[in-house]
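Asker: Questions regarding the structure given below will be posed in turn.
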């Protein structure tokens, strides 16, 4: 039996991970969980899965959960804040950590888990974006497997199995194109948060839905792929594939292209990461090739969707530039959702930050966290 901690258990990836655990009850034990504000769902999870440790990152929610757990006689330790996240990620009794929290908050617990020798099922792409050099070095030194949960990176990971890494010609990273595929800049001027949250293929949280609409999500995935697969940016090509059936591909030097296909369901890559190197029974609808009318492919429009272009630039510059990109994007998405800035201001402000801050420093946990704070403070003071 594999023992698991889930960081961000009440979010989209976290709840779908629970679906996988329900489907394979005999194979997994949920030992630790973390959450933020959704105490009602957290209580339901505690009652169903009986985790020993629960970390809450929101102070009022933490106090509320402590009272509920005590009043109902539930046997779990409730811990507060970043200290709690790190504890849940580094428990002696766990084998693997599912990092499904959104944003920079996932960095420290992920790094500490790696240092404790825990395998990582990685859904928190920001960790590799801002500190890929550090994370991959620590993983290598500690003999830890980084198993991608993103559908695209899982597809690449699977397409690489049994093939020589030095024979890769390019990685073909697929993108649905988001809800505004084919839009012009003029069309994007009137985009509201409500429209941007409606993704055509995937059911996701708010932040990743906005990122998918701007193509920043794909940009972050380009940087993530660079670190996961040690692939130069010039050899990572984004391919818009609206049907979202091919989750990504690898083209080899002999011209062969190996792809992973499946229905758009995050439970598939979650299950693969948790069971690697084995494959488990089918948890999702199987792909019916006869129902697929067509598979189409387009080049992304980098002039209209500038976030993808900025991500490539940040990745190429390296050092702490991806930290600036990521921190600026997180704040811009928050301000856009709160209707403080317009949709087209998102890439404008990100580019402004990339031109403002010094990125040419060593990638350490300290430097990443400090620069991230500076970038956020700058945007809040100027635009909030």
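Glycine residues also receive a Cβ, built from the backbone N, Cα and C atoms like all the rest.
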Asker: Swiss-Prot records 150, 152 as Mn(2+)-binding residues. Which of 83, 93, 194, 221 is assigned to the same site?
Answerer: 221
Asker: Swiss-Prot has 125, 151, 152, 176, 212, 217, 218, 221 binding 1-deoxy-D-xylulose 5-phosphate. Which one of 165, 199 is in the same site?
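Answerer: 1-deoxy-D-xylulose 5-phosphate site check in Swiss-Prot: besides 125, 151, 152, 176, 212, 217, 218, 221, the record includes 199 out of 165, 199.
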Asker: Besides 10, 11, 12, 13, 37, 38, 124, 126, which of 177, 178, 182, 205 does Swiss-Prot list for that NADPH site?
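Answerer: Record source Swiss-Prot; matching candidate: 205.
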Asker: Between C-alpha atoms, which of these binding-site residues comes nearest to residue 150 (Mn(2+) binding site): 12, 37, 199, 217, 221?
Answerer: 221
Asker: For 37, 125, 199, listed as binding-site residues, tell me which one has the smallest number of other Cβ atoms within 10 Å.
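Answerer: Among the binding-site residues 37, 125, 199, the lowest count of other Cβ atoms within 10 Å belongs to 37.
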Asker: Other than its own, how many Cβ atoms are within 10 Å of the Cβ belonging to residue 12 (NADPH binding site)?
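Answerer: Neighbour count, Cβ to Cβ under the 10 Å cut-off: 19.
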